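All remarks here apply to the structure that follows.
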Amino acid sequence: MAAGRRVGPGPPSRPTMAPWKKKRLRKRRTGASQGRDSDSDDGEFEIQAEDDARARKLGPGRALPSFPTSECVSDVEPDTREMVRAQNKKKKKSGGFQSMGLSYPVFKGIMKKGYKVPTPIQRKTIPVILDGKDVVAMARTGSGKTACFLLPMFERLKARSAQTGARALILSPTRELALQTMKFTKELGKFTGLKTALILGGDKMEDQFAALHENPDIIIATPGRLVHVAVEMNLKLQSVEYVVFDEADRLFEMGFAEQLQEIIGRLPGGHQTVLFSATLPKLLVEFARAGLTEPVLIRLDVDSKLNEQLKTSFLLVREDTKAAVLLYLLQNVVRPQDQTVVFVATKHHAEYLTELLMGQGVSCAHIYSALDQTARKINLAKFTHNKCSTLIVTDLAARGLDIPLLDNVINYSFPAKGKLFLHRVGRVARAGRSGTAYSLVAPDEVPYLLDLHLFLGRSVTLARPCEEPSVADAVGRDGVLGRVPQSVVDDEDSSLQTAMGASLDLQGLHRVANNAQQQYVRSRPAPSPESIKRAKELDLAELGLHPLFSSCFEEGELQRLRLVDSIKNYRTRTTIFEINASSKDPSSQMMRAKRQRDRKAVASFQQRRQERQEGPADPAPQRELPQEEEEEMVETVEGVFTEVVGQKRPRPGPSQGAKRRRMETRQRDQEFYVPYRPKDFDSERGLSVSGAGGAFEQQVAGAVLDLMGDEAQNMSRGQQQLKWDRKKKRFVGQSGQEDKKKIKTESGRFISSSYKRDLYQKWKQKQKIDDRDSEEEGPSNQRGPGPRRGGKRGRSQGTSQPRASSVPAGRMRSELKTKEQILKQRRQAQKQRFLQRGGLKQLSARNRRRAQELRQGAFGRGAPSRKGKMRKRM
């Protein structure tokens, strides 16, 4: 019976299972393992199952909340971009980039760059720009302003577009800043697929024509070359949606008004405008020409303009000994491994100092605006790759240039404007690092130093004449104005004079640099009259050694220096009338009587001078404004901007009782008193572009009323005024440029005829590019067959242009993609998504598990090796 018993239909045992059943079981196991390791895309079925369970619990009468579907009855389509941004935002409170609702490619570029937490200016500006508002933003140097306008630009453009024309435009004042912006654009937008074109002066225009023919999404340019290319190509910027003015105040003040007007005239009406700089005035009437529409003002770090990690030192030296002091600083004060940037006034100073320092063994390079573009790139690359330790530049590199691992800045020529000082010293102490700024101040530059401290709201600290090194270190070296020991100047100057006597080239460069210094002194803006008056009151002859040098000398050397200073400052108490005169001499008696009469006046004068020397040289006292005046200032700012972010909050004083007593003792009626200048007058005057409130001539020029004549002769009379030229010894035109030819652009403005030289037409003929392929010829229905340019031609003449003659007029390159191109593009996009979410790792892990299961199963035979078809499947 046992032998004849039939087996039931239950599951067979493992050794006797058929191969086709094993294959089905393996598929089920593989599907289960994939379900465990799948990402969020494969979890839709689990979510649907949970929703079904919740629906069964709620009952048939209640519906679950869900996103609006495409079958909605509303006439307005749902804004999917806002929904995606809301979905991307973190539900919990977070201060990182996750809470801004950025798309995945943009967020991945941020993480790849290494940014974790946004800076204060990024946290304030990025959400406002994402809302589509015009923004005017100001924050101190090194605070991450470049990412503030790049990240919203990537989020707005999303991905590569098939439409013709650029959609974003970034304008920079200098080529180096544009190159740096291009570098950050490539790094942050690595995963967006956006194409960028760089339009810079000094590069070949043919390469820029080719770059614009590739239909870029973003154009990064300097204004002069962009206008040149736009006029040559008859370029239309009607598709631009997003415009950035980087270092906006520098763009509007360095003579780009004509170019900027032409660029703004080519832009469409509904574009978004963003202005960024480290120094921006509060009332941006000067930037009205940028086309701002209900802008939002964001000003951070208005009070603390300098970084806390930045240390400043001011050295009082003569103009002819600055080179010697610079050499001493580079060889003895600055560490050998540190990198230093030296700012000079003109390109002649840069060439002279480069040759001089190279002869003394200091490795250096120089950059100025007139230098060839290739040489500028080479010298900057040498400095950034630590091939040389010193870079001598003009104010070209003061704006926005981010040089990594920069430790020191030396102002060889002291800046004439406070905001220029901010941009210069802002090259160091960036992104949390520390740095030092040394400034060489000549006696005629002391008023500019006082103007700078008025602008910063700080006090000038003078070095004490006879101060011990321990006391000087305790007081601190930050912001101290002091002398340089004469022994240091003599030692370094002797070596420089020896080197100059042995080189005729150095002598010629030195002579040219001196002439350039005289031209610079005549052309630089004048300081304020208050600072000139206060500079005359300072007793610079009694100025002590700077703590930077007093700590480097021994006590014996310091005593010798003090003795030399006391001999130099010695003044006898007797006059010429009392020398070799007896007590009964009339001249001696007269001087004694005069000294007795003026004794009190002399004593009071000496006492006031002693008090001035003991106390710090404070800037002009900041007057406390009443509450009504502060409210009036806030209303003035809010009248210009729709929203103001980062206003200065009222901080309570240290002693409210003392302030109340001072208010009671004032002899002015606060209800009717109107101040003649606002509280932040000095700060805003330093930030101003046109220098309003500065020189008297500028104020007078603004108050002049120009009346137009009522006849053609009277209208042109003002343009024909002559002016005497001292060099030419004759009368010349007021501007001296009347003989230059002008051309009229599409926007109606007249620009120089040098912008139109038919370079683009020559390039198209050289590259064999047909005019009908370009976007300027009109829509596609006008590109049909028709007569060619030039009339009838023979067959032999047509062979000189092979492309134009070989392509028939009716067969043009179609912009519609074929089925194969669409499938190929979809496969590439699917492959990119597969790789971005880690599909390659999942696939390799799945293959390893499959191979392991096959080795364990082995079809019940236990053989370790596989042959034939099974081996191919593995």
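Our numbering is plain: 1 for the first residue shown, then up by one each step along the chain.
The backbone N, Cα and C atoms fix where each Cβ goes, and this holds for glycine too.
It should be emphasised that the depicted structure is a prediction, and the values quoted were computed from it without experimental measurement.
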* According to Swiss-Prot, phosphoserine sits on which of SER40, SER94, SER796? -> SER40
* Among THR30, THR185, THR745, find the residue to which Swiss-Prot assigns the annotation phosphothreonine. => THR30
* Asked: According to Swiss-Prot, phosphoserine sits on which of SER66, SER74, SER753, SER814?
  -> SER74
* **Listed as phosphoserine by Swiss-Prot, one of SER33, SER655** => SER33
* **Integer mean pLDDT for the domain 'Helicase ATP-binding' (126-298)** => 87
* Structure fact -> the compositional bias 'Basic and acidic residues' (755-771) resolves under DSSP into 11 helix, 0 strand, 6 coil
